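Heads up, the thing below is written out as structure tokens.
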Amino acid sequence: MAQDNFSRVTEFILLGLSDTRELQLLFFTLFLLAYAMVLLGNLLIIVIVRTDPKLSSPLYFLLCNLSFIDICYTSVTAPKVLVALLWGHKAIAFEGCMTQLFFLHFVGSSEMFLLTVMAFDRYTAICRPLHYTAIMARRACWALVTACWLGGFIHSIVQTVLTLQLPFCGPNTIHSYFCDVLPVIRLACADTTLTEWLMASNSGLISLGCFLVLVASYVLILAKIRARLSQGHWKALSTCASHVMVVTLLFVPCILTYLRPAGTSPSSKYVCVIYTTFSPMMNPLIYTLRSNEMKESLWRLWKR
């Protein structure tokens with residue numbers, strides 16, 4: 001009987017951001033511009049880092065990987081949103097919804113882990129400069145990036161399996177513009193209290209844990225350079241300021257969204273825009289405009 005109930009829902013309806021046609025066209029324009037900026041900006045960073053031998057430090061290797069993750073992360077939701085806003089196709093198949101949910105958490109959690117690694121890179125460069133080359137060797141960087149992807153995969157598998165085991169036999173309307181665990185769980189035809197707490201502990205604690213590690217690393221960096229602010233330390237501090245801006249845009253909305261059970265209060269779909277679209281869009285601007293090396297490399301690439 002449970003299997004019959006589960007098979008009744010073959011698709012979900014994404015309500016999107018608005019039912020008003022004028023607002024839908026406005027949101028379509030904004031999302032299209034944001035998605036174009038994400039693609040062009042992050043692809044530009046990848047091209048600059050890959051073609052300029054002067055940008056061979058571990059920081060830019062990690063930044064190149066962050067740009068690739070941002071492209072993947074935004075591409076999980078943006079194409080479907082643009083189609084829904086322009087042509088009104090709000091339906092998504094059950095399999096497509098679960099696939100979107102899986103890749104959203106896979107890439108999103110990988111980005112959180114990678115930002116934590118980037119904070120460790122800055123801590124090592126500032127607080128242990130004599131050991132920096134040995135600690136952040138290229139092989140170690142590859143191992144850390146691989147660990148980020150592996151951690152994201154494990155996290156996403158847990159989220160997806162917990163969702164797939166629920167029976168969906170009733171309403172199929174999702175009050176959001178993409179499939180995520182919290183709005184999907186609310187549609188299950190079963191008591192999801194335990195599942196909600198497990199998912200809140202999984203996603204919420206990962207977001208909070210990474211955020212606290214990042215904050216601790218920046219506190220240690222500030223304590224280290226407080227007494228000796230040379231020009232090199234000011235440069236490192238400026239780089240850390242860029243990281244803080246990225247961390248704030250990504251982690252704070254995620255913590256507010258995921259660090260609670262699904263049934264306590266509805267999550268705001270407008271808050272989700274910050275970490276699914278706005279944060280990946282801002283990363284290229286933050287890292288290129290605040291880095292003299294990136295601006296010089298961009299100028300050299302433009303002159304070619």
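Cβ from N, Cα, C; glycine included.
TrEMBL labels come from automatic prediction, so no person has curated them.
Annotation source TrEMBL lists domain 'G-protein coupled receptors family 1 profile' at 41-287. Mean pLDDT for the domain 'G-protein coupled receptors family 1 profile' (41-287) in this predicted model: 84.
Taken from TrEMBL, the feature transmembrane segment applies to 25-47 (among others). Sequence-distant contacts of the transmembrane segment (25-47), counting only residues of its own chain at least 6 positions beyond either end whose CB sits under 8 Å from a CB of the stretch, comprise 16-18, 63-64, 67-68, 70-71, 74, 78, 81-82, 85-86, 277-278, 280-281, 283-285, 287-288, 294, 298, 301.
Residues or ranges marked as transmembrane segment in TrEMBL: 59-78 (among others).
TrEMBL lists 98-120 (among others) with the feature transmembrane segment.
Feature annotation from TrEMBL assigns transmembrane segment to 140-158 (among others).
For the transmembrane segment (204-225), same-chain residues at least 6 beyond its ends with a Cβ under 8 Å from one of its own Cβ atoms are 109, 112-113, 115-116, 119-120, 122-123, 126-127, 155, 233, 236-237, 240, 243-244, 247, 251-252, 254-255, 258-260. Residues or ranges marked as transmembrane segment in TrEMBL: 204-225 (among others).
Summarising the annotation, TrEMBL assigns transmembrane segment to 237-258 (among others).
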